[in-house]
Amino acid sequence: MNADAQKKAAAEAAIAHLPRNGVIGVGTGSTVNYFIDALAPLRDQIPAAVSSSEASTERLKRIGITVEDLNSVAEIKVYVDGADEINKYLQMIKGGGGALTREKIIAAVSKQFICIADQSKLVGTLGEFPLPVEVIPMARSYVARQLVKLGGRPVYREGVVTDNGNVILDVHGLRIDEPLTLEEKLNNIVGVVTNGLFAHRAADLLLLGGPEGVQEMRRA
Ligand SMILES: O=C(CO)[C@H](O)[C@H](O)COP(=O)(O)O
């Protein structure tokens, strides 16, 4: 199975973990696109979804699933999303697709976070993938200087404006030995809206597609 087939298998495995009746959270990315496609036959059993991006909203609506604003939803039972990297504690780097802020908000609200990914995403130490940081535009240079002080090499994601009207710095060269501490330090930089480290709100379950099929991993 190649990476795409692994993503599809992981996405389809998530269907068995959905609540019988309840609002679900839906993330963003190519793996999530497979998940949305797999939701189509279940559209009548899903009262509504909350989505982490305009792209996913559009795809959900196209298959007939109602998308609600998070403010009108009392509870999200399950949130399904991909990751750019994930470790055995199910801490992640996310935001490759630029939707990290909404993803973090929905993850915080949701009772259960199911990560769907292909095998290449599972790593020993987070940080090989450049860490996305969403920044208020006027603070971009200041935040970049603070990121350099933390040992990173920030690169401005040119031409990208997030769904929230902000910009993204992708931070290269960080070896993330202490994800919890780094997530807090990044949050403390004035001008940072969100960073793509999901350490405090890690996933609860990883469905990992591999050559042999889909493996279920819970937090170590
Ligand atoms: O965080 C994300 C988007 O902001 C995605 O979950 C992450 O980039 C993984 O994407 P893909 O499923 O395409 O590999």
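Placed from the backbone N, Cα and C atoms, the Cβ positions cover glycine too.
Per TrEMBL, the substrate site holds THR28, GLY29, SER30, THR31, ASP81, GLY82, ALA83, ASP84, LYS94, GLY95, GLY96, GLY97; the candidate it also names there, chosen from LYS61, LYS111, LYS121, is LYS121. Close to ligand 1, meaning a Cβ under 6 Å from one of its atoms, are these of the binding-site residues SER30, ASP81, LYS94, LYS121: SER30, ASP81, LYS94. Considering only the binding-site residues THR28, SER30, the Cβ with the fewest other Cβ atoms within 10 Å is that of SER30. With THR28, GLY29, SER30, THR31, ASP81, GLY82, ALA83, ASP84, LYS94, GLY95, GLY96, GLY97, LYS121 listed as the residues that bind substrate, the site has a largest C-alpha separation of 15 Å. SER30 (substrate binding site) sits 15 Å from GLU103 (active site, proton acceptor), taking the Cα positions as reference. Taking Cβ-Cβ distances under 8 Å and a sequence separation of 6 or more, the neighbours of ALA83 (substrate binding site) in its chain are MET92, ILE93, LYS94, CYS115, ALA117, LYS121, PHE198, ALA203.
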